[in-house]
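Enquirer: Dropping the structure in here first, questions after.
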Ligand SMILES: *Cc1c(COP(=O)(O)O)cnc(C)c1O
């Protein structure tokens, strides 16, 4: 997003005009930013057989999935429904990694029937998988290295209390199950959380994986998961992927040499690819001055963007209707009957009722975590692609709210 002639634009498209055309609230994504992130990651690991599996749950719109496919990414899905979306978007089953957690064995079987690569994170499921398929269907194993990483305990998945992955302390048991059932393990995987800052954590995870890998002779890839940190505030420190590319690349080369062949290096970023591409545009419904603060009440809330309330996530907010207005301090809140605060004590160019605010970093876990709470419609989504605004999801209507409700005679 940039300012030209006092207008906030993406690829030359005026965001205030997007709201005029498609209404508010509306999610807007910049396709160029997604492509840039994907390219940066590929370039950082250009010395490796690198595969990027976009973690679809971050932003699942089918047009976004198509954009990912067009630019060479595979996809990581956590449910068969996401897998169906990925297939509809044109991904080959072989490009889809299925990494569910605590799903039934029936869902795993559906994944096998769809031809997905199955990532198993539970010994009980692995036993059932082995009984049924033996070595006829290869699989990947999700390990838990018990490393505390990530920005927030809700988004850290590798620590000792975490429900994710098979504990590396259960390695002997795991190997027994694999041997007894003649299971073909072609990949090892770890995903220890979101918002990991530095290369050192990845290197630590990598060392653990290399140590374990010796016990798995058929490996084709190692999946290092995700957790790349993106910037939320100006001057925020982010993961330096080029630095990571050099350091992790070096350690991986050394490992592959001792393993005996060159393996593929996989990542499955969600946030890194789509967070910064997204802007959530909302309208200031009311300005409310209280003895404590000046509230801006907007036409949205935790039903549309949950991250500030659920994860205490910081999302920068900009008034895009008054680029030259005097700066004042506001608390930006939603219209839901809960305390749904988007940001406290934020300096914004003077906000007038009817102004449009842009909430930044809204591409990841924004729309995909939205709900109909308070019986509100979920917002529209717009993709700015090749210099034009494309509607990629219509705003819901009353029909959507009522769609599956069954009215009985009372
Ligand atoms: C959610 C998830 C990701 C993506 O995490 P980000 O922090 O969005 O990059 C990757 N892998 C798995 C298994 C996930 O569940």
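Each residue, glycine too, has its Cβ placed from N, Cα and C.
TrEMBL does not curate its annotations; it predicts them automatically.
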Enquirer: Given that TrEMBL annotates 307, 311, 338 as substrate-binding, name the residue from 330, 365 that shares the site.
Expert: 365
Enquirer: Which residues in the same chain, at least 6 apart in sequence, have a Cβ under 8 Å from the Cβ of residue 365 (pyridoxal 5'-phosphate binding site)?
Expert: 57, 58, 59, 270, 271, 306, 307
Enquirer: Using DSSP, would you call residue 365 (pyridoxal 5'-phosphate binding site) helix, strand or coil?
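Expert: Residue 365 (pyridoxal 5'-phosphate binding site) sits in coil per DSSP, no helix or strand.
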Enquirer: Across the whole of the domain 'Orn/DAP/Arg decarboxylase 2 N-terminal' (33-275), what does the mean pLDDT come to? Round it, please.
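Expert: Looking only at the domain 'Orn/DAP/Arg decarboxylase 2 N-terminal' (33-275), pLDDT averages out to 92.
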Enquirer: Do you know which of the recorded positions 57, 307 has the most other C-beta atoms within 10 angstroms of its C-beta?
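Expert: Result for the most crowded candidate: 307.
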